[in-house]
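> Quick paste from TrEMBL:
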- LYS277: active site (ACT_SITE)
- ARG351: active site (ACT_SITE)
- LYS265, ASP270, ASP288, GLU349: Mn(2+) 2 binding site (BINDING)
- ASP270, ASP347, GLU349: Mn(2+) 1 binding site (BINDING)
- 345-352: domain 'Cytosol aminopeptidase' (DOMAIN)
Amino acid sequence: MFTVKPWSSAEVVHEALAIGLFEGKDSWSGLAGEYDSRLGGQLSNLRKEGDISAKRGRIATIHTMLPTGVKRLYFVGFGKKEELTFERLREVFGKLFRTWKQAKRTEAAIALDTFTTETVDPNEAAHALAEAYYLATYEFPGYKQKKSEPDYALESLTVYTAADAAEIEASLFVGSVYGKATNSARTLVNTPGNLLTASDLADYAVELAKRYDFDYEILEKEEMERLGMGALLAVNQGSKQPPKLIVLKYQGKEQWENVIGLVGKGVTFDTGGYCLKPRDSMIDMKTDMGGAAAVLGAMEAIGELRPEQNVLAVIPATDNMISAEAFKPDDVITSLSGKTIEVRNTDAEGRLILADAITYAKQHGARYLIDVATLTGGVIVALGTDKTGAMTNNEALFEQLLEASMETGEFIWRLPITEKDRERVRSSKIADLNNSPGREGHAIMGGAFIGEFAEDTPWVHLDIAGTATTKKDGDLGPAGATGVMVRTLTAFVERFE
Ligand code: BES
Ligand code: MN
Ligand code: ZN
């Protein structure tokens, strides 16, 4: 879809050409200036009158009426030069692609070098461009018999730049991978629970494994019983759908060492179990496998980019249902680790299935652990819907993840786990642990509980209950699933040391 070329105005014939504009006079001197003189100064007039503006987020469509060449110029404002960041550029590009999508443009070009500064080089701009294209034009297909709009995609985007074409192509590829993998996660999360059971999730993972040549294993219920995964089995007890433990193995190093374990909560629907959710809170609980989707999205990106790392992905998958056989409050269960758990709340199911998955990951070589989960409503109260809650037992590992998240613009914020918190999750009178020691510090209790299973292995817990979905359409994607943490996990794995 992308073609990278040096600029040569003789050949430039396009339906649309995007030019970036900074605030201040000098930005008018380059390409914009060239078109301005070809159009007899019309563009500077339009700029004076405010039709063309360099303010961030402003996009002006100018029909050139030129007999040949470019039919439409899109002037894209991005504010002050010194304020441009990778993140802002992604947003600006997102808006541009939404504009093109609305206008049904299928052929277009972009003057990439007008979107760069000393701080954002052409390669970063190319990454931002490709990523923004896939994120901004994403749509969940849905199930309507008649679609109101046909699927949109650009057929051709010419990227003009003076930079090295091979390098720019490589950056466009990386950006595309980040964008597409995020969209794959979005689609998984947007898919309703009846159409994405644990078995469906496992089938999806197996396809992914085959496509990227990962070793894989799907643990069935009988195997879980044999191993003693009492926590995952307890959550599944009320369901007609069998549970699956999905395991993918990517080996990018000679030896199976320094393995990064990525563990994602895969609750395909959370009714709350016998601690049943009220009807309004149950809506959207199809998204309770957002952690699993983030891990699978990251594995897709890893399969494409093939970094020199070892990654073990472990996804416990089940729904949380009620029936005569379902687990109940007061039940005591034995986890794979041997630790016993008193179930105080069947709606605190995520930490139970993650407990067994984390133990399994450790038993299979994971030396570092990141778990991702739509774990608690509490994290939404604490941090809102634009910040992922993070908890850890290891500063150095957390720092690396934080750095990755700052690169991708997916905000994470740390919550503490103290000795007192650990005491609270150990507060059961009859078992080693209590899965729900009370409302105070909800999100922290979830993290602290999972931490009991990570033990001494460096570990970060990411609570994405607030960030996995959004109610608003944005420049980088519509309302619904966000695919959050796909990009951060990928960036983290790529740079991990
Ligand atoms: N899946 C929910 C958390 C959730 C809430 C995700 C809102 C997305 C949006 C989780 O399993 C849950 O029910 N958590 C309980 C925990 C409590 C019972 C200890 C909660 O947060 O209320
Ligand atoms: Mn729950
Ligand atoms: Zn849940």
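Every residue, even glycine, has its Cβ placed from backbone N, Cα and C.
Describe the structural surroundings of these features, if you would.
In three-state terms derived from DSSP, LYS277 (active site) belongs to neither a helical nor a strand segment and is classed as coil.
Counting only same-chain residues six or more apart in sequence, the Cβ atoms lying under 8 angstroms from the Cβ of ARG351 (active site) belong to LEU375, ASN435, GLY446, PHE449, ILE450.
Within 10 Å of the C-beta of GLU349 (Mn(2+) 2 binding site) there are 29 other C-beta atoms, taking all protein chains into account.
Reduced to three states, the DSSP call for ASP270 (Mn(2+) 2 binding site) is strand.
Only residues 6 or more beyond the boundaries of the domain 'Cytosol aminopeptidase' (345-352), in the same chain, are considered here, and those with a CB under 8 A from a CB of the stretch are 231-232, 234-235, 265, 267, 270, 272-277, 288, 320, 326-329, 333, 335, 373-375, 435-436, 446, 449-450.
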> Give, as a single whole number between 0 and 100, the mean pLDDT over the domain 'Cytosol aminopeptidase' (345-352).
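Per the prediction, mean pLDDT sits at 98 for the domain 'Cytosol aminopeptidase' (345-352).
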> May I have the DSSP-based helix, strand and coil counts for the residues of the domain 'Cytosol aminopeptidase' (345-352)?
3 helix, 0 strand, 5 coil
> From the Cα of LYS265 (Mn(2+) 2 binding site) across to the Cα of LYS277 (active site), what is the distance in angstrom?
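Per the Cα atoms, LYS277 (active site) and LYS265 (Mn(2+) 2 binding site) stand 18 Å apart.
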> How long is the line from the C-alpha of ASP347 (Mn(2+) 1 binding site) to the C-alpha of ASP270 (Mn(2+) 2 binding site), rounded to the nearest angstrom?
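For ASP347 (Mn(2+) 1 binding site) versus ASP270 (Mn(2+) 2 binding site), the Cα atoms are 8 Å apart.
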> Under 6 Å from ligand 1 by Cβ, which recorded positions from ASP270, LYS277, ARG351?
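Cβ under 6 Å from ligand 1: ASP270.
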